[in-house]
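Okay, so here's the structure we're looking at.
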Amino acid sequence: MVNMNILTTVALAGLAAAKTVEVVVAENGGLTFTPNQIKADVNDIVHFKLAKSGHDISSGPFDMPCKPSDNSLYSGKLNEGDEFSVNITNTDPIWLYCSVSKHCSKGMVAVINPPSSGNTIEAYKQAAAGAGNGQAPSRVNNGSSGSGTPTSGGAPAATSPNAASSLTFSGAAALVAMGGAWIGLL
């Protein structure tokens, strides 16, 4: 029989390696993502916190700023205090924008895992300036949202139609859940 202590240690070490990267949306009422260049590894969580109501988080291709691509991530319109989390599954660049009104064309853009050369956040912002109104994806997708109020399980309360099936736990909550599951198997 495999030593359960070894399995537990390996499982918890993998979870502990993942991190949560915090991004503030509309900090101080501005049309900003702070930071606007986000470095995240595979299995990290990028966690967006809304500082002011009336924004969203959308993604699209570099060469079509302010427009969604197929299977874009999309938070839906969020209010002050709402949160949206995205689990990073690869290190390809993810170009972000706010699709509300002309927020994108006014510079409300960001990138997860910017390339080391070539397409820059400055070039994306400049191209977005001529894009007019932003376009939202057709549905909430590729993330989980919550009110920021923890449930008894420690995760944000689900508020989007698909949030319950894709809800991501914070590192601490995941460690507690995994530890409890392994102890239950012993």
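Even glycines carry a Cβ here, placed using N, Cα and C.
Swiss-Prot names CYS98, HIS103 for binding Cu cation. Of HIS47, HIS55, the residue it gives for the same site is HIS55.
Cα to Cα, ASN142 (N-linked glycosylation site) and ASN87 (N-linked glycosylation site) are separated by 8 Å. Comparing the binding-site residues HIS55, HIS103 by how many other C-beta atoms lie within 10 angstroms of each C-beta, the top residue is HIS55. Listed in sequence order, the residues of the same chain lying 6 or more apart from CYS66 (disulfide bond) and placing their CB within less than 8 Å of its CB are GLY60, TYR97, SER99, CYS104, SER105, ALA128, ALA131, GLY132, ASN133, GLY134, GLN135. Distance noted between the C-alpha atoms of CYS98 (Cu cation binding site) and ASN87 (N-linked glycosylation site) is 19 Å. Each residue in VAL25, ALA26, LEU31, GLY54, ASP56, TYR97, SER99, VAL100, SER101, CYS104, MET108, GLY134 lies on the same chain as HIS55, CYS98, HIS103 and has a C-beta within 8 Å of the C-beta centroid of that Cu cation site, without being one of the site residues.
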